[in-house]
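Peer 1: My questions all concern the structure below.
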């Protein structure tokens, strides 16, 4: 049954493990910033914590492939688990409870090294163990598991756990969920990953190529920039948007439910825009649905509670559409490897790095500009960047799409 819908049966427990791990990792995303601000930190200080976390994500995303080649999938995933547990426990005990900013910087950085090593190593495992004819679907299911856990279940769980356990214990419970996820992915999952034998020089050469391609192929660099812009709202909004919503009658708990609904829309439309991209064209999909669509609805999401009097229905509908339009960037995962020619592996490294950097850039923009132009100004900056990504996409020349579509796996966009 699972094989028929594209999930490799031998790795089914691993997919469940990714859902649970990412649920634990993402459960504080929608409420940590407003909690820290309510307890004495400034918006800029809160944003700086998330920016440093984003740097850790970028580093771990970049090196996840190299670690897998050196240590194997399960060991690399276990390393990710250790980074997460140690970083989270230290963050709570020495940073969170005492609001010690320097300690929070260090410990949240360590935590940020965790999930890329865990999740992206499993993704590589899936790629190695799935027949080519079913690879695109299997990769799609991985991203569904990833988004369901991090953005949907994590937010929904927090909206109830905070009421039942309080903020501190909810954060502690994240360790339970990531350990449960690791148990399914590493122990209940009995599949064995046999990594390809490669010389150390070959691994180093591939890593270096992931840097040099940015200079030798400007189209790959442009695609990486577009991928960063794709997720600036995903990681930037949680820094300040919950406080804006609260000013208009939408509490943090209700906001968490809205945030989960937003990314439920993202998951649904990730599937839809994969099909739309094939029919409407990769570039057209990114330009009109991703760039222009996100630019418009980013602004609407900010002003929705203002003009609707805090209407939950209005904000939820606009948020659902915004989350869906983020998926308009799905074809960038096909465009970048295509324009890279033979260097598809290096192109995927660039996309992984860009996905990690977006977790830095979004909060960093809030940190830099919220004191100058306020939350409203930051939203307009986000909108302008989304529109700029449409222009950048227009400038990328790609070969005839029909000749390469069947060779390319999707990159989910959030």
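Cβ coordinates are placed from backbone N, Cα and C, and glycine is handled just like the others.
The topological domain 'Cytoplasmic' annotation in Swiss-Prot covers 1-11, 129-136, 189-219, 277-286, 338-343, 399-414 (among others) and is backed by sequence analysis. The transmembrane segment annotation in Swiss-Prot covers 12-32, 48-68, 76-96, 108-128, 137-157, 168-188, 220-240, 256-276, 287-307, 317-337, 344-364, 376-398. The topological domain 'Extracellular' feature in Swiss-Prot is assigned to 33-47, 97-107, 158-167, 241-255, 308-316, 365-375.
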Peer 1: If we call contact 3 or more Cβ pairs under 8 Å (sequence gap 6 or more), are the transmembrane segment (76-96) and the transmembrane segment (220-240) touching?
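Peer 2: These two stretches do not touch.
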Peer 1: Apart from its near flanks, which chain residues at least 6 from the ends of the transmembrane segment (317-337) lie with a Cβ under 8 angstroms of it?
Peer 2: 219-220, 223-224, 226-227, 230-231, 233-234, 258-259, 261-266, 268-270, 272-274, 277, 282-283, 285-286, 288-291, 293-294, 297-298, 300-301, 304, 344, 347-348, 350-351, 389, 393, 396, 398, 404-405, 408-414
Peer 1: Would you say the transmembrane segment (168-188) and the transmembrane segment (287-307) are touching, if the rule is that at least three C-beta pairs must lie under 8 angstroms and be 6 or more residues apart?
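Peer 2: Contact criterion not met.
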Peer 1: Among 12-32, 48-68, 168-188, 220-240, which stretch has the most Cβ pairs under 8 Å to the transmembrane segment (137-157)?
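Peer 2: That would be 12-32.
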Peer 1: Would you say the transmembrane segment (376-398) and the transmembrane segment (220-240) are in contact under the rule of three or more C-beta pairs closer than 8 Å, pairs 6 or more apart in sequence?
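Peer 2: Stretch pair touches.
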Peer 1: What else in the chain is close to the topological domain 'Extracellular' (158-167), if you only count residues 6 or more beyond its ends and a Cβ gap under 8 Å?
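Peer 2: Non-local partners: 27-28, 30-31, 35, 173, 252-254, 256-257, 260.
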Peer 1: Per-residue pLDDT averaged over the topological domain 'Extracellular' (158-167) comes to what?
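Peer 2: Reported value for the topological domain 'Extracellular' (158-167) is a mean pLDDT of 94.
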Peer 1: State the non-local partners of the transmembrane segment (12-32) in its own chain: residues 6+ outside its ends, Cβ under 8 Å from one of its Cβ atoms.
Peer 2: 2, 46, 81, 84, 114-115, 118-119, 122, 125-126, 141-142, 145-151, 153-155, 157-158, 161-162, 167, 170-171, 173-186, 188-189, 191, 238, 242, 252, 255-256, 259
Peer 1: Contact between the transmembrane segment (168-188) and the transmembrane segment (48-68) is defined here as three or more C-beta pairs under 8 Å separated by at least 6 residues; is that satisfied?
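Peer 2: In this chain the transmembrane segment (48-68) does not contact the transmembrane segment (168-188) - fewer than 3 Cβ pairs sit under 8 Å.
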Peer 1: Can you tell me which parts of the same chain pack against the topological domain 'Extracellular' (241-255), counting only residues 6+ beyond its ends and a CB-CB cutoff under 8 A?
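Peer 2: Here the qualifying positions are 30-31, 33-35, 37, 43, 159, 162-163, 301-302, 305-306, 309-310, 312, 315, 375.
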